[in-house]
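S.K.: Copied straight from TrEMBL:
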COMPBIAS  66-79  compositional bias 'Low complexity'
BINDING   Gly176, Arg239, Gly240, Gly264, Asp265, Gly266, Thr267  ATP binding site
BINDING   Asp265  Mg(2+) binding site
SITE      Gly266  site 'Important for substrate specificity'
BINDING   Thr293, Ile294, Asp295, Met338, Gly339, Arg340, Glu394, Tyr451, Met452, Ile453, Arg454  substrate binding site
ACT_SITE  Asp295  active site, proton acceptor
Amino acid sequence: MDSLLAPSSTSSFPSLNNNSNSRIKHNSLPSSLGFFNLRKFCTVSFGYSRRSCRLRLSSSRRSKTKCSTSPTMSSSASPEIPQPKIVNGPGGYVLEDVPHLSDYIPDLPVYSNPLQDNPAYSVVKQYFVHVDDTVPQKIVVHKNSPRGVHFRRAGPRQKIYFDSDDVHACIVTCGGLCPGLNTVIREIVCGLFHMYGVKKVSGIDGGYRGFYAKNTVHLDPKVVNDIHKRGGTILGTSRGGHDTSKIVDSIQDRGINQVYIIGGDGTQRGASVIFEEIRRRGLKVSVAGIPKTIDNDIPVIDRSFGFDTAVEEAQRAINAAHVEAESFENGIGLVKLMGRYSGFIAMYATLASRDVDCCLIPESPFYLEGPGGLFEYIERRLKENGHMVLVIAEGAGQELLSESLQSMTQKDASGNRLLQDVALWISQRIKDHFSKERKMTINLKYIDPTYMIRAIPSNASDNVYCTLLAQSAVHGAMAGYTGFTSGLVNGRQTYIPFYRITETQNKVVITDRMWARLLSSTNQPSFLCPKEILEDQGHEESSNELLDNGKCSPN
């Protein structure tokens, strides 16, 4: 298992006895932060305020910390945004680390990890992740390239910062539905219960509003036993309703000390604000995020859970559209798929299906009329094959709907732009064009499987992925990490700072090999003139360094 592949003991760990409840006091800076064991590194910088603190590390011993401000923060202190917690090492090594409870709470008690006494893990030779383990964000490099940005590797630590009997965890789901939500809930509960002996887990009912609406659901392995077989979320969800002060007040009043927040980029931004308020008040509360978006538009991570299931289910709609189209003269099957800002579902479903003649996504502009336009291409395909299948992501072509310009600035409760139904609009434009202008009979079938895709249970691949995400979040929270998102980077589970998840959106790069594969599969035009292609290639030149996976470079 990815999270259990490190030596069970290293020189940087203090010796621990086999009593899982034994308490180890320490007065020095905690080695669990990991970077205190990275002795070859020249500087470690992190901020509790706008001023930064630097720790100089000697190869023979840890030097004393010199800092211009105390890490201990009183609840009356004014809220300030901390600087990213960065470790700089030789060869251009950069570790974008995640916060730890000991960053702002001194002299925390430490406990041995009960996993070392767990009979289920007795067959595992290496219980714990090494404190120096990190995962590179970029894996395609040249021999003289810098080592680049890394993230802390996820997994169980030898030392934990919570007594299992004292843990009161809560789980909340926010935003739209996505396959795998119930699986993540189940595995957080079972991970806390079976791996760490945590008995008190609450579900917050109805999204962020549930914190101050006092709606909770008791969760234990028996309650969540079969929920992974159902779609949706047993906790309920909502958009908006984020009152940071009320939420943190509720966390304090209920004695909650671990918060697991499942949601997309808007939800993770809310989680980041909650963490900052908790840090400002000096509370011993770990905040862990699990990124959820069916569109796969969260940056840094390889993919979001539910995406594989969405692509698989989208193929069913494409297959139905293909059957309908080829059964009628000049048949056109038009399928609308999810993708508000990013066209990953449409792109991957098209590549998987191989029955699609044209795929339209938000990242690739297109036009309807004139030479090289969509109407001309449709007519050519109908004359060649007698039918065609068209896939369009919901966010594609929004700029073409001139009558909806006012709605372009309107947003829902989560801050997402409200979209017009571009697929329905294009369907009507296609009918009008061929019946009135070309005098050509067509049979167009419009299929919108959006809510069918969102509401189904996750498939086998996503179920496994959800398990890894949930268990990694549990390990991180128990180890005292906070203000992080659990995510897969280059095939390894990692802990990613909130700001990296929320700073941008992952989008299809239309000058990348993955989009070229799609164009080759569908034989559709790019709908860009040669001049536009050259301009895009110049703009995306730095992005193409990565990448064979259709994702944007962080640059």
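The count begins at 1 with the first shown residue.
Keep in mind that glycine also has a Cβ here, set from the backbone N, Cα and C atoms.
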S.K.: Where the distance is taken from Cα to Cα, which of the binding-site residues Gly240, Gly264, Asp265, Gly266, Thr267 turns out closest to Arg454 (substrate binding site)?
M.R.: Gly264
S.K.: Of all the binding-site residues given, Gly176, Gly240, which has the fewest Cβ neighbours within 10 Å once its own Cβ is left out?
M.R.: Gly240
S.K.: Taking Cα atoms as reference points, rank the binding-site residues Arg239, Gly264, Asp265, Gly266, Thr267 by distance from Thr293 (substrate binding site) and give the first.
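M.R.: Out of the listed candidates, the nearest Cα belongs to Gly264.
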S.K.: Gly264, Gly266, Gly339: which of these binding-site residues has the highest Cβ count within 10 Å of its own Cβ?
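M.R.: The most densely surrounded of these binding-site residues is Gly339.
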S.K.: How many whole Å apart are the CA atoms of Arg239 (ATP binding site) and Asp295 (substrate binding site)?
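M.R.: Arg239 (ATP binding site) and Asp295 (substrate binding site) have their Cα atoms 17 Å apart.
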S.K.: Pairwise over Thr293, Ile294, Asp295, Met338, Gly339, Arg340, Glu394, Tyr451, Met452, Ile453, Arg454, annotated as binding substrate, what's the top Cα to Cα distance to the nearest Å?
M.R.: 17
S.K.: Using a Cβ-Cβ cut-off under 8 angstroms and a sequence gap of six or more, which residues of the chain neighbour Met452 (substrate binding site)?
M.R.: Glu313, Ala317
S.K.: Comparing the binding-site residues Asp265, Asp295, Glu394, which residue's C-beta has the most other C-beta atoms within 10 angstroms in this structure?
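M.R.: Of the binding-site residues Asp265, Asp295, Glu394, the most buried by Cβ count within 10 Å is Asp295.
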S.K.: Checking the binding-site residues Gly240, Asp265, Thr267, which are within 10 Å of Asp295 (substrate binding site) at the Cα level?
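M.R.: Close binding-site residues: none.
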S.K.: Rounded to the nearest angstrom, how far is the Cα of Glu394 (substrate binding site) from the Cα of Thr267 (ATP binding site)?
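M.R.: Glu394 (substrate binding site) has its Cα 21 Å from the Cα of Thr267 (ATP binding site).
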S.K.: When you look at Gly176, Arg239, Gly240, Gly264, Asp265, Gly266, Thr267, which the record names as binding ATP, what is the longest CA to CA distance in angstrom?
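M.R.: It comes out at 12 Å between the most distant Cα atoms.
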S.K.: What whole-number Å value do you get for the CA-CA distance of Glu394 (substrate binding site) and Asp265 (ATP binding site)?
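M.R.: Checking the Cα atoms of Glu394 (substrate binding site) and Asp265 (ATP binding site) gives a distance of 18 Å.
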S.K.: If one measures from the C-alpha of Asp265 (ATP binding site) to the C-alpha of Gly339 (substrate binding site), what distance in angstrom results, rounded to a whole number?
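M.R.: Answer for this pair: 14 Å between alpha carbons.
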